[in-house]
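As annotated by Swiss-Prot, active site, schiff-base intermediate with substrate applies to S25, with the evidence given as sequence analysis. Residues or ranges marked as active site, proton donor in Swiss-Prot: Y58. The annotation substrate binding site is assigned in Swiss-Prot to T57, G73, A74, A75. Taken from Swiss-Prot, the feature pyruvic acid (Ser) applies to S25.
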Amino acid sequence: MDRKMLKSKIHRATVTGADLHYEGSITIDKDLMEAADIIPYEAVCIWDVDNGSRFETYAIEGERGSGVICINGAAARMVAPKDLVIIASFVNMNNEEALKHEPKLVFVDDQNRMLPARKEVAGQGTLKKVAW
């Protein structure tokens with residue numbers, strides 16, 4: 001049996017731009033792509049923390065060290081600059097591989113600079129509660 005597993009994610013990155021008239025994709029700082037093991041044209045899921053939008057696109061390399069996270073094409077209507085997003089990639093693997101798998105987790109600050117590596121913490125964490 002194969003399982004679809006989280007391969008990597010860039011957690012709570014700040015959107016730096018939204019370019020409606022570009023052909024599509026998400027432009028990601030090359031340093032962040034390498035840290036998250038995402039290659040050009042790889043499919044990624046984007047989850048907007050601020051408005052709940054969820055969509056899939058593909059990654060293209062942005063300038064190394066720039067902190068760029070730019071949503072391109074039609075998906076630009078689903079985000080706004082300064083929104084926080086989670087960028088996730090997935091991989092299929094057999095059950096034996098899946099049981100040993102550790103995803104690459106990339107945490108960033110509000111300028112999309114990498115923070116020290118750490119394990120993901122389950123539960124409520126320290127985030128503010130959302131008032132509905």
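Glycine residues also receive a Cβ, built from the backbone N, Cα and C atoms like all the rest.
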Cβ neighbour count within 10 Å of T57 (substrate binding site): 19
For the binding-site residues A74, A75, the one whose C-beta sees the most other C-beta atoms within 10 angstroms: A75
CB contacts for S25 (active site, schiff-base intermediate with substrate) [other CB atoms within 10 A, all chains]: 19
T57 (substrate binding site) in three-state DSSP notation: strand
Rounded to the nearest Å - Cα separation of Y58 (active site, proton donor) and S25 (active site, schiff-base intermediate with substrate): 5
Residues within 8 Å of the T57, G73, A74, A75 Cβ centre (excluding the substrate site residues themselves): G24, S25, F55, I71, N72, A76, M78
Chain-internal residues, separated by at least six, CB under 8 A from G73 (substrate binding site): D19, L20, Y22, E23, G24, S25, T57
Site extent for substrate, whole Å (max Cα pair distance, T57, G73, A74, A75): 10
Assigned conformation of A75 (substrate binding site) - DSSP reduced to three states: helix
